[in-house]
Amino acid sequence: MISRIDLRGDALPEGPALRDLLPRADFDVSVALEKVRPICEAVHHRGDAALIDFTEQFDGVRLERVRVPAEELTRALEGLDPEVRAALEESIRRARLVHREQRRATHTTQVVPGGSVTEKWVPVERVGLYVPGGRSVYPSSVVMNVVPAQEAGVGSIALASPAQAEFGGIPHPTILAACALLGVDEVYAAGGATAVAMFAYGTESCPPANMVTGPGNIWVAAAKRFFTGKIGIDAEAGPTEIAVLADSTADPVHVASDLISQAEHDPLAAAVLVTDSAELADAVEKELQPQVEATKHIEDRIRPALAGRQSAIVLVDGLDEGLRVVDAYGAEHLEIQTADAAAVADRVKNAGAIFVGPWAPVSLGDYAAGSNHVLPTGGCACHSSGLSVQSFLRGIHIVDYTRDALAEVARHVVTLAEAEDLPAHGAAIKARFEWKVPESK
């Protein structure tokens, strides 16, 4: 059901050579990019009409309008199962606790007497948040996108999720109910690349956004790449992935269930166990089969995900080697199920989020840990972070110098300008001192 990669016995290679030994899904955004280009251009030129046509083509329903009426959000909240509502409210409460602490304060550094640099943080003015709606329904992604944007102080928040033919062309009612709980009333029935293009270009119904965030499939990732440099994006999110670093103290039942929990997202989802215990590897592999048979989404998601080239049990000589492997892999979700798990977690350099010990499974983070589940995938955790309040903030430096403070450093500025053959830079300093630049101290 799941392959093995044995890295024991030989010294592990460095850098790219080690990454090449590790399992990864085929996820070529460049191929999808050429297919989304005409979709994005059509939305640019035809606006809502293109959105309506593409929704009929891809989602099988003809819309009368793209924006969801406010009464649909009210109706969805009124019809929400009380237990689901309570769970969403608790998820929102915990997410707010964590994300509120991420706010950044204005800070001033006095460089010299009379010369200061202040860094202030300003929220993006308008964001477009995307919540997928293909294989599953993700009200939790509404929470994970909206809460950090709100806590950052974003003034205008719009959200898009695919139209559902089953519900007459509106997004899934649970998505709408989550929006209502969070006070988001600008919601659009738009999915995939069309939603990203709508936010990027704007249409008759939807003003353009400064930034687009949220998870999605390869078409969403391709559209984000298409608009890189034109609008802000969070990341090109690919298929979800879990890596578990475990030793002989780990419970194979827990490990197997956690691997399966992420495999049920998508047939391209990655599930990777890294361990120095052959006995644990055997026990986990034995445990996978009965757990898979006892759940849903077996043939269309879980089995192909576990059997795919992106999933494996990786055997290593010891914990140090295991840490090197998980750092090279850079998992979206990394569980540490070892002795002294907190100390081991502290040694990890590359992961979207780390889940410490047997009582912090990835599922907790997906819904109600307080952390964010919009995380870098495909090894991007080596250089990128998950969605947070900072994602929606821009740092602006405010430079404030008096005449004396400028005079003190003027000679250095002119010298560097001349060294770079940019005499007008130096002239801008000289002009303030009647072409007589005082000696820098």
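Each residue, glycine too, has its Cβ placed from N, Cα and C.
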Binding-site annotation, Swiss-Prot, substrate: partner of Q262, H265, H333, D366, E420, H425 in T213, T228, T240, T295: T240
Length of the line joining the Cα atoms of E420 (substrate binding site) and E332 (active site, proton acceptor), in Å: 43
Sparsest-packed of the listed recorded positions (E332, D366, E420) - C-beta count within 10 angstroms: E420
Three-state secondary structure, H333 (active site, proton acceptor) (per DSSP): strand
Neighbouring C-beta atoms (10 Å sphere around the C-beta of H425 (substrate binding site)): 14
Among H265, H333 [recorded positions], residue with fewest other Cβ within 10 Å: H265
